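Peer 1: As annotated in TrEMBL:
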- 109-126: transmembrane segment (TRANSMEM)
- 133-152: transmembrane segment (TRANSMEM)
- 158-180: transmembrane segment (TRANSMEM)
- 192-210: transmembrane segment (TRANSMEM)
- 241-259: transmembrane segment (TRANSMEM)
- 271-291: transmembrane segment (TRANSMEM)
- 320-347: transmembrane segment (TRANSMEM)
- 397-417: transmembrane segment (TRANSMEM)
- 455-486: transmembrane segment (TRANSMEM)
- 510-642: domain 'STAS' (DOMAIN)
Amino acid sequence: MYFIHAKTEMMDRQPEINTQRDVYQVDALSANNNAPAMADRRPAAKKLPKKKRKCMDYVRKTIPSIDWLFLNYRWSEDFAEDTMAGIAVAVLNIPQGMAYSILGNVEPTVGLYMAVFPVLVYSLLGTSRHISLGVLSVLCLMTGKVVTMYATDGTGYTAIQVATAVTMVAGLVQLLMYVFRLGLLCTILSETLVSGFTASVAVIVLTSQLKELLGVDVARRVGMMQVPHTFYDFADRFHTINWMTTAVSVTTIAVLLLYNKYLKERINSKLCMPLPIELIVTIVATVLFQVTTIAQDYDMVQMGEIKSGLPAFEVPPVKLFSAVFMDACVIALVGYSITMSLALLVAEKLKYPLDTNQELLAQGLGNVVGSFFSCLPSGASPSRSASQQTVGGKTQMASIVSAGIIVVVLLWIGVVFEPLPRCVLSSIIVVALKGLLLQVLDFPEIWRKSKTDGAVWIFTYSTVIVLDIDTGLLVGVVVSLLFVFVKGVLNEVHVLGRLPDTDLYVRLDLYGDAVEVPDVKIVRYAGSLNVINRYMFKRKLIEVTRAGYNDASMTMTVTVVDGKHATGGRRTQCVVLDMAALQYADASGVKMLSESIESLVSDGFDVYLAAVPDSSLEYVRCNNDVKSVRFFPTVHDAVVFRQCSSKKIQNLTYDSQSTKTPNGL
């Protein structure tokens, strides 16, 4: 019988639950509930064949825009909000696109191209409704490194040819990942690793922009130790600093920072869309240096000629594919991981599903198409995506509107930015990096919460800065996977005690009120049991089961009934192994478990296994050579069974002594 009594009469009293039922062993529990024995179990029946999908089903799954755009789009309700969101994203794309093109060592208009072609492809194939694809500082910087390596006079390739080759290979890698359903591969880049990586890349970006911010004529460093070498170059060439360029940079950065800190929330709360402060600063600076001769008088570097119109279709140089393959693979993985992290964050907030593999198709094909139109590898921008979502964008129609506005800028408006000093765009980059740069302040909190995560963060951060982006990311991934592996093979063995007047068994080292059950040693095992940690398991088990026990404590004189004679013997101790936290057991691990149990039995212990997971129960039973082991569904069943058995033996002993005493008188 099994019933529960709940007592909640007074609000200030702790509720009570009293449970009464029979004590079960695993075999009895299975028999009472009509569960078949292991030998009688039959393989599960074959699943019914799935309904065949029609060709149109695959088309609609591959092109999600068929549903949301062509069949179900609510023009009267959503188009106005999507249009406002598209305008907000477009005004951010103009300064960001031109600024981040500097990081890629290509012309300023390339960043605007990236706000059109990959965006249109993603709008049709992507499953996120709010991310804004286009320029991303990390990807532009990584691509710029490859451009610097291969776009030299000796190779005969231009900067844009190298950049498009990287974009094509990165897109093909993402498409290959889509074919093999590797959408979950982005999970190897944990949030902690990505935080350390982006924070360190922000330092490299800041360092790379010192040349433009200060007007110092130094060569751009790439590869290992680029940050220390760059600071050395600036110290060596500091006497060549352009003070007017520095003044314009400081003024631009100060205006942007002061606005973001003191005015942004107040002004945006009164407007239907965020005020595009970056675009306003860009326009004001352009007008100022158009109507004055300050730039010419102080030798300031300006944007120069900006091509109008859309780029021509051009196939990237195939011969470069093998040379840029490794860098493109890293760029493809980093771009997909960062974009997916942002997309999942927004989707979780707004409660709609994402298809990780479909995202690979959308981003990969977007990069492939973009490579034919002078684009760098694209990714989702946190600032633009946040703007698209907060303004009220409902679908990727906002991205389509934004792309249309950028086309207008490319055709007729882009040339007006030719007088703009490059230091203004570099200042916009630096301010945009503020959040990433300040992530270093999160490290103490990360370390306090988890030493493992803290180690991954600091390893990634330091190696990217000291060595290189690719090397640092590789080190971060290796360290992260190493910790995962180590945690997978480590195990924990703890002694449990019982909280008074309950059936709760907790760790003795954590709960001061818990007490050990007399003559019963309860041991909890947590972790996998495999070929790597099997000896560690045996050593820890022996340590905790022998603790507090010795031959003197295990030996006592009792009267055992054998029919006629009373004999002396040993008091048998009991070990209950709580296996509820067993994650996985292989053949070597189960063999070591059997050897450990056999050793305990030979030393006079009764051994009970409790709460073995169903996934491992039959495997442990079939491969366990010790037949005297009992299996229980819970630790409490094992303890009560032991106590009842001990009490029964004591009663039998008492009855025998009472019967024999008169005969001896």
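The backbone N, Cα and C atoms fix where each Cβ goes, glycine too.
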Peer 1: Please tell me whether the transmembrane segment (192-210) and the transmembrane segment (397-417) touch - that is, whether there are at least 3 C-beta pairs under 8 Å between them, with each pair 6 or more apart in sequence.
Peer 2: no
Peer 1: With Cβ distances under 8 Å as the criterion, find the stretch in 158-180, 271-291, 320-347, 397-417 that has the most pairs with the transmembrane segment (109-126).
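Peer 2: Counting Cβ pairs under 8 Å, the winner is 397-417.
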Peer 1: So what's near the transmembrane segment (158-180) in sequence-distant terms, Cβ-Cβ under 8 Å and 6+ beyond its ends?
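Peer 2: Counting only partners 6 or more residues beyond its ends, the transmembrane segment (158-180) has Cβ contacts under 8 Å with 104-107, 110, 143, 146-147, 150-151, 314, 316-317, 320-321, 324-325, 327-329, 331-333, 335-336, 357-358, 360-361, 363-372, 374-377.
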Peer 1: Using a Cβ cut-off of under 8 Å, list the residues of the same chain at least 6 residues beyond the transmembrane segment (320-347) that approach it.
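Peer 2: Same-chain residues near the transmembrane segment (320-347) but 6 or more away: 127-131, 133, 136, 138-139, 142-143, 145-146, 150, 157, 161-162, 165-166, 168-171, 173-174, 177, 185-186, 189, 191, 194, 197-198, 353-354, 356, 359-360, 363-364, 367, 377-380, 382, 385, 389, 469-470, 473.
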Peer 1: Taking all residues of the domain 'STAS' (510-642) together, what is their mean pLDDT?
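Peer 2: A mean pLDDT of 78 is what the model gives the domain 'STAS' (510-642).
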